[in-house]
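S.K.: Below is the structure I would like to discuss, written out as structure tokens.
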Amino acid sequence: MSEFIDFDQSVYPFPVKPALLSSDKKAFYRERIKSLLIEKNAVIVAHYYTDSEIQALAEETGGCVADSLEMARFGARHPASTLLVAGVRFMGETAKILSPEKNVLMPTLDAQCSLDIGCPEEEFSRFCDEHPDRTVVVYANTSAAVKARADWVVTSSIAVELIEHLDSLGEKIIWAPDRHLGRYVQKQTGADILCWQGACIVHDEFKTQSLEKMKALYPEAAVLVHPESPQAIVDLADAVGSTSQLIKAAQTLPNPSMIVATDKGIFYKMQQACPEKSLYIAPTAGEGATCRTCAHCPWMAMNGLQAIAEALEGNAEHHQIHVSEQLRKKALLPLNKMLDFAESLK
Ligand code: 13P
Ligand code: SF4
């Protein structure tokens, strides 16, 4: 038996898009960042959803471009004393929790995530207290305080495996915050899940009828879907998975083209993985309509070259991630359990 509880969603303060840079300015900041990385013994840890120029720079300078699980692993293992995390705030916090001895900088501390915003610690903690018989599993897309309240942290790349494991031990589960991923995992495993009702504003925007029309237009294309998308979109998928799993699926499926229902930032690495294939963005409401994201996370879009250079230049106050030692120690336990579990799957 599984239940899905409805909560009011927060109203999101939407970020202003960063100003576009001229090609001269871009070249200037790229060179500036390269020398600052050496000077500060720093490395870029970037998510697939950041702009392609940031992903390219991370690759060129020995950093990583990855999903949220691999970003956490890479940051913890890399010998650099400073991690420049290009992504959203929970990714910076995770890096700091795992590597307290390192400086963790972000291009902006205002890069949020609707899942994190929609799961405030106090409300969530009360919810958990009301169900003391349940194991608390939270998605990585949460604050350090919410992680500290959890028994397990998980990312989408190992969510099904972890819930399968807990279910086999007879555990009943609280899942937070993403309702679509929670439902997907519940369907895959049959586990007893009580689900928080958060949503990702990017994946929530994909449109079923338009996707059906697009499938009819490109019958040879495979549909790739991130499980933060609504059920009706998942139902149309040929492959469902985390960002890295979708890139792998694009490579291994025999189809000559892919319709991709996740943030369009992924196209940079996906196209590298299969240069011969055509990649299409799954339909949203479009830039001019009510869509506020248009297959690109507005907070990921805040990671610009200029902001990276400023973060490395040393204005720590506006760029440095802090997590209190007390909170860090608590949040570290479920995060380490996630990393150990991920390791055991290899
Ligand atoms: P991944 O864990 O697949 O990288 O996803 C993170 C995320 O924010 C998806 O919207
Ligand atoms: Fe959060 Fe969605 Fe942006 Fe990922 S794409 S960081 S889940 S708002």
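Even glycines carry a Cβ here, placed using N, Cα and C.
Because TrEMBL annotations are produced automatically, they should be read as predictions rather than curated entries.
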S.K.: For the iminosuccinate site that TrEMBL assigns to H47, S68, Y139, A140, N141, H226, P227, E228, T243, which of S125, S156, S257 is also named?
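M.R.: As annotated by TrEMBL, H47, S68, Y139, A140, N141, H226, P227, E228, T243 share the iminosuccinate site with S156, chosen from S125, S156, S257.
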S.K.: Quick one: pull the CA-CA distance for C200 ([4Fe-4S] cluster binding site) versus E228 (iminosuccinate binding site), whole Å only.
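M.R.: That comes out at 7 Å between the alpha carbons.
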S.K.: Counting across all protein chains shown, how many other Cβ atoms sit within 10 Å of the Cβ of C200 ([4Fe-4S] cluster binding site)?
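M.R.: So the number of other Cβ atoms within 10 Å of C200 ([4Fe-4S] cluster binding site) is 25.
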S.K.: Taking ligand 2 as the reference, state which of the binding-site residues C113, Y139, N141, C200, H226, C297 have a Cβ closer than 6 Å to one of its atoms.
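M.R.: Correct list: C113, N141, C200, C297.
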S.K.: For H226 (iminosuccinate binding site), just count the other CB atoms lying within 10 A of its CB, please.
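M.R.: Counting Cβ neighbours of H226 (iminosuccinate binding site) within 10 Å gives 28.
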S.K.: Quick one: Cα separation, N141 (iminosuccinate binding site) versus C113 ([4Fe-4S] cluster binding site), in Å?
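M.R.: Answer for this pair: 7 Å between alpha carbons.
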